[in-house]
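Engineer: Positions annotated as signal peptide by TrEMBL: 1-21. Annotation source TrEMBL lists domain 'Alpha glucuronidase N-terminal' at 27-139. As annotated by TrEMBL, domain 'Glycosyl hydrolase family 67 catalytic' applies to 144-462. Marked as active site, proton donor by TrEMBL: GLU300. Here TrEMBL flags ASP374, GLU402 as active site, proton acceptor. Look at TrEMBL and you will find 464-687 tagged as domain 'Glycosyl hydrolase family 67 C-terminal'.
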Amino acid sequence: MFARLFCWTVATAVMTAPALAEDGYDLWLRHEKVRDGGNLARHAAAVVAPGRSATALAARDELMRGLAGANGAAPALVEKPMNGAIWLATPASAPDLPVKLDGLGEEGYAIRSVTLDGQSVTVIAANGDAGLLYGAYAYLRLAETGASLDRLDIRSAPRMKLRLLNHWDNLDGTVERGYAGQSIWDWWRLPDWKGPRYTDYARANASIGINGTVLNNVNARSDSLTAPYIAKAAALADVFRPYGIKVYLSVKWTAPMELSGLRTADPLDPAVAAWWKAKAAEIYRAIPDFGGFLVKANSEGQPGPQDYKRTHADGANMLAAAVKPHGGIVMWRAFVYAHDNPDDRAKQAYSDFKPLDGQFADNVLVQVKNGAIDFQPREPFHPLFGAMPRTPLMMEFQITKEYLGQSTHLTYLGPLFEETLKSDTFARGKGSTVARVIDGSLEGHKLTGIAGVANIGADRDWSGSIFNQADWYAFGRLAWDPDLSAEAIAREWAAQTFSTDAKVVDPIVAMMMGSREAAVDYMTPLGLSHVMGTGHHYGPAPWISELARPEWNPVYYHKADAQGIGFDRTKTGSNAIAQYAPPVAKMLADPKKTPERDLLWFHHVGWDAKLKSGDTLWNGLIRHYDAGVAYVAAMRRTWDGLRPHVDAERFAQTQAFLGIQHREAKWWRDASIAYFQTLSKRPMPPGTAAPEHDLNWYKSLAFPYAPGNP
Ligand code: GCV
């Protein structure tokens, strides 16, 4: 990629300067030469790639490019399978294919070592060209993570049909909750200028199986639906198409009023339905494979069908009818809570959507955040999962780390994703995991999906830090196969991003695997949530209590008082636990049976109540804060030890960011303790340090220019 070209130029110009070889641009697609004793050379000396579609050519080029790097020499491009060749084959290009493809669908692939006329050949086979592309990347992943390539027999198909990024990118180039610079979409110069970065974006996504992207913020502007912006979106769609990626748009509910002067946006008004039908037709003329619409309605000030006394289903179905003739879908978000609803915020999405189960059109998915509040460092799974059997539910994860340290904290999200996907809803008895709800297997849905709010921006390293790239990578891999383990994914990522050497991979994976738990510990231990600073959500502010809407205030979430801390969501409180299936609700009703990690999410617990460790709650809280800070200190030591094995540029960035994280982890700990101590009135446990400053000092900190704040 052009990172290397750039480096070559710099290195040639200033021969004594250290090479700026690694700025993170190449992500996990660095294709460094593998040291595998000739494993790859034996199997990948040549490539046979008869397909001629844009996607088949992309598969061929990616394989050639990857092998050239990983093997140290470009393979030969040959006409017929020969000894040591890789053969990219579909039934269309090779009718006598020696591999069975049933059950792999359009996107799945098989990779098989076969002997043909005495020649050893590796076949990468698929029903369609997108499968070839995914198979090519899978082969490179195997080669670059040190797998044996001798007797391959792999079959893999995605468990989810829609594997999407959601960009919260605004038309002015800012990114809501973006911590990696400005938007990568250069709306101003599109559609004429399509920079090479768009292709590299598509390549990176295809390499992990992502097959769609919502280009604009769910807090949408109507302008995205005007002719000039449709042309811009079409230009991006053209770049992404060979890589199997469709584009989607977020829409603003009142667009017909704003763009065409309609008097209403009532979904049951025929003029409104006709407007959307015409708009959909206009979009499909420009983008024949347009994916569909994503909608945030009646949420956080966005307009929606409820403004006209209609339901979310009325709204979703009207839009669904507009895109249906073109094969499009609608993703309707369940992230709703209303300022005039006094009920527990955690209950409101379920209360609105559960009664609508069975009422949505067959090309609608309801998109549900992983937890019932808002992408906190830890949330129990959303009670809607398992509660709407007749509706395809789409998962929404947040890859950008609005609440987990933003760009600089190393908090690998793989374990968060895995924890949610493996959670058991008990909707149809034991084993009804969230993964099985969203992959459709629990209720037999064919339309399935998962979305991740992108952490991508114009920063050279795409994600604001090298380690944030791992979150993008993990999202894609889990979207393809939600049963993968976060640890296995971290290993793959580290091997491709840094080195296959165990001296490098082992400590990096060890750092990553505990890092999210460490953030939970120093930010929101034992089930606390939403104690972040107002608006920017950067840093601690558990004392905030004066904002107009109750649920804007951290005190709403932790409910700390002289007796104890935590939100009572049992029968004696909001009874949110009743939204879960009976076995789950029964467990959560009892603080002794509630997993301690979620304790204060569901219970108001006395300061002196005993934890499993034997500590009182107050002392236990402080031990968690301390453990979080100590973990970051340990990551710094581990990273320092990796200096000889990591290139200078990426080493320095990570070292500096870990320094920031350490300072901020301590700030989180100290500020939280300083505040909660004013209520608990308990002393610091023996051997623990008092906060460095008094509470007023922490309260006085202000961050008017924190990034990502809309
Ligand atoms: C796009 C949270 C974020 C908002 C975001 C919203 C949503 O409230 O802070 O920035 O808006 O979630 O998911 O719609």
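Cβ from N, Cα, C; glycine included.
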Engineer: Since the record lists GLU300, ASP374, GLU402 as active-site residues, which of them has the fewest other Cβ atoms within 10 Å of its Cβ?
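Structural biologist: Ranked by other Cβ atoms within 10 Å, the active-site residues GLU300, ASP374, GLU402 bottom out at GLU300.
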Engineer: Between ASP374 (active site, proton acceptor) and the residue listed as 'active site, proton donor', how far is it from one CA atom to the other, in Å?
Structural biologist: 12
Engineer: Over the span of the domain 'Alpha glucuronidase N-terminal' (27-139), count residues by DSSP class, listing helix, strand and coil in order.
Structural biologist: 34 helix, 26 strand, 53 coil
Engineer: Take the domain 'Glycosyl hydrolase family 67 catalytic' (144-462) and average the pLDDT across it for me.
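Structural biologist: It averages 98.
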Engineer: How many whole Å apart are the CA atoms of GLU402 (active site, proton acceptor) and the residue listed as 'active site, proton donor'?
Structural biologist: 17
